[in-house]
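**Q** First the structure, which I've put down as structure tokens, then a few questions once you've had a look.
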Amino acid sequence: MNQKEQTGFFRRNPFFRVLFREIDRMSSSFIYLFITLLGPLIAFILLLAIFNEGVPRNLSVALVDQDNSALSRKMGMWIDAAPEAEIAMRLPNLAEAYQRMETGHVDAVVVIPEETEKNILKGVQQQIPVFINNSNILKGGYLQKGIYKTLATMSGGIKVQVAMKHGLSEKQALAKAQPVKLHQHILFNPFGNYAYFLLTALLPLMVVVFTLLSTVYAVGIEVRDGTGPEWLEHSGGSVIVGVAGKLLPYTLLFSVLATVMNVILFVQMGTPLRGEFMLIVLGELLLIVAYQFLGILLVAVTSNLRLSLSLGSAYSMMALTFSGLTFPQFAMPVIAKAFTWLFPFTYWVKLFISQAIRGEAAVLGIRYLAIIPLFILLSVALFPRLKRILLNEKFWGKV
Amino acid sequence: MKTIVTKIRTGIRMTGEFYQDEMKAILKDQGALLILLGAIIIYSLIYAYAYKMEVVREIDTVVVDLDRSSSSRQLVRMIDGTEEANISLSATSMQEAKELFYEDDQVGGIVLIPSGFEKDLLEGVQTDVSVYADGSYFLIYRQLVGAAVKSVGTFSAGVEIKRLMAEGKTYEQAMAARDPLSADLHFWFNSSSGYGSFVMPGLILIILQQTLLIGIGMIGGTGKEKNRHSFQVPVALRRGGIFPLLFGKSLSYLTVYSINSVFAMVLLHHWFDYPNQGSYLDVMALTLLFLLAVIFMGITFSVLFKKRESSILFMVFLSPIVLFLSGISWPAASIPPFLYKLAHVFPSTIMVPAYLRIRNLGVDLSSVHYEYLLLLAQVGFYFVTASVALYFETRHNRKIEARAKTQE
């Protein structure tokens, strides 16, 4: 009796009628399974696999050793031992090494000229030419760091030896070798490595992309197939109830995905969590809902499933560039700088940096959080148009 | 003999018909046009514009000068003088500097000069300068630390040389004693480390590939929904197989993407001053193979998409993944070997490194012959798969048609 009453309630309540209708629709096609579960998981696995190594190691270096002395061999060994570099080949001259760079086999060439050891012993300065292919600035940067540090360390070692030979204590010798020492402190970045840094943006980007596309699809297909009236009939004629019931299953699924992402970010990768975790979770929920509403906005504006999907994929992908994480906002031209604020993802990245990485006061994080609902309001303003599209036959069946 | 000639002639005529047919399908389809023609223009212009400044310059930096001596002021001037850093604020304590840092989003770091800095220098005691750089933005961190390393290194060297010359050494002797083994760094290609020049040429290839794959899938899905070709194809099958259909389709995409390539690889490079060392002939030879491989791959996969929007839903998310798999920024050697091998199903994985060497290093085809052969093999492979895919699709369509006829 009791149970019957309950199912009766669910069957009569417009919200649940739409909700169950949507779940029925979702289980009817492989597409839904892919865009809510399989796709995001495949994306997560692939991204984690690509950046598994964390820092680029053992980039190929060619050594042109024209000195063939104990010192030059030691130099080769030290460069090889640097984590960033690996002596992939030894070649007789620079021309041949250059050729290997042209064919893509090496990224840097170190030349040890003749008489290097002799010069050092004589107290004459010896230049060690290093050529780095900087067309990939990430690789170039790592190679520069690794090779430069190795040579500087060797040079410093020689100096200290010479000074100690002249009767200075080790401390005095060190001070003489390097009057001003620079201490480098990295503020906030827990990893100091590019891969983890990228992953903290790429994983949420994938959540955003799939959230937007799945919403556009779920709503747009109703317009295309002309099932809008049936949908609204289930919701008792209310767009708000209709949208709420339709979006909820996706909101839940993507929240689960965001939870998986949080486990990867904070547990597996060890991203620090210096601020309010609740703000981050709230931010993720708002981000998901905001992109859902932006999906509705796209369909309402274009009344065309495919156009919305095209625009949606461009809009969601571009968010990465304009979040300023890879190339900072303040270095962008004015219009591009203004453009960055048109993506909820930008606010999320700021919130994440503020609350997870920097551990700023919660107020500073809420600043960013408070803007995201504006995107939702913008979309709600277009609900009347959505209703018209759903009910008016002339909008249906568009390719 | 005559029959062969007629066959060839019919084949060419039919190829022309299928070409026109596919071109019409593309041009009539707003959604596909946006992806096949609009996307590359919009995407590449927007990205190129965002990266227009190429490098991060003049990062606002707070200085905490606890020494307030002429030496410390000199060091501050040197840091301020670098291209990367701009000493915009000064604080009296580290605490105050940190507050300034949190308050102002523009501030990228802090430089701390300890008290007793000058005194230590004069006494020959090693002294410490600290730089705190914002690591939450990678590029800011790199630039600021680079500026600090450079200025402190130069400053330190100056102190040493003065000291050594005071001991009676000549300048050359002082230089040798200061740095017996000096790294003489040369950056070849993109020596200013421009971000746009680094990322855009490869990114363009990825955009070309992904839009082409999605666009072909979309047209294919549309065709399937409308059951296009179901009447012409059986005729084609009888008269020399599906090759006219495959050639006709491919040529139409090649036409559109030749225009796209000229825009993105020639005009855009010219406007934004991206590296352009190699000869256009070599670029063309490579690009032609690349486009053919992508087109045949796209046609192969297009038969899998039953609906017009499927290709977007299934493939959009791959774009950033394919980008990183191509080795544009993340070194290919650091990608797990199995995954990197698997990534060779995408023409971009082979094309990007070869193309970048031609455009950036200015090498000729002989230096990319390995990739060239690999691309050639890929074109062959996807040609076969595309033929097989189209064959089965048309056979399937024929059956549907036959069934429809018997029902009548």
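Sequential numbering from 1, following the chain as shown.
Glycine is no exception: its Cβ is also placed from the backbone N, Cα and C atoms.
So TrEMBL says this about it:
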type	residues	note
DOMAIN	B:34-386	domain 'ABC-2 type transporter transmembrane'
TRANSMEM	B:32-50	transmembrane segment
TRANSMEM	B:198-219	transmembrane segment
TRANSMEM	B:251-272	transmembrane segment
TRANSMEM	B:284-305	transmembrane segment
TRANSMEM	B:312-332	transmembrane segment
TRANSMEM	B:370-392	transmembrane segment
**Q** Counting only residues 6+ away from its ends, which parts of the chain sit with a Cβ under 8 Å from the transmembrane segment (B:312-332)?
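**A** Contacts with the transmembrane segment (B:312-332): 35, 198-199, 202-203, 205-207, 209-210, 213-214, 217-218, 305, 339-340, 343, 346, 348-349, 351-353, 356.
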**Q** Checking distant contacts: for the transmembrane segment (B:32-50), what same-chain residues at least six beyond its ends satisfy Cβ-Cβ under 8 A?
**A** 25-26, 196, 200, 203-204, 207-208, 211-212, 214-215, 218-219, 222, 253, 256-257, 259-260, 263-264, 268, 271-272, 312
**Q** With the transmembrane segment (B:370-392) as the reference, which stretch in B:198-219, B:251-272, B:284-305 has the largest tally of C-beta pairs below 8 Å?
**A** B:284-305
**Q** Give the nonlocal contacts of the transmembrane segment (B:198-219) in its own chain as ranges (CB under 8 Å, at least six residues past its ends).
**A** 22, 25-26, 29, 31-32, 35-36, 39-40, 43-44, 47-48, 51, 190, 253, 257, 260-261, 264-265, 268-269, 272, 274-275, 290-291, 294-295, 297-299, 301-302, 305, 308-312, 314-316, 318-319, 322-323, 326, 328-329, 346-348, 351-352, 355-356, 359-360
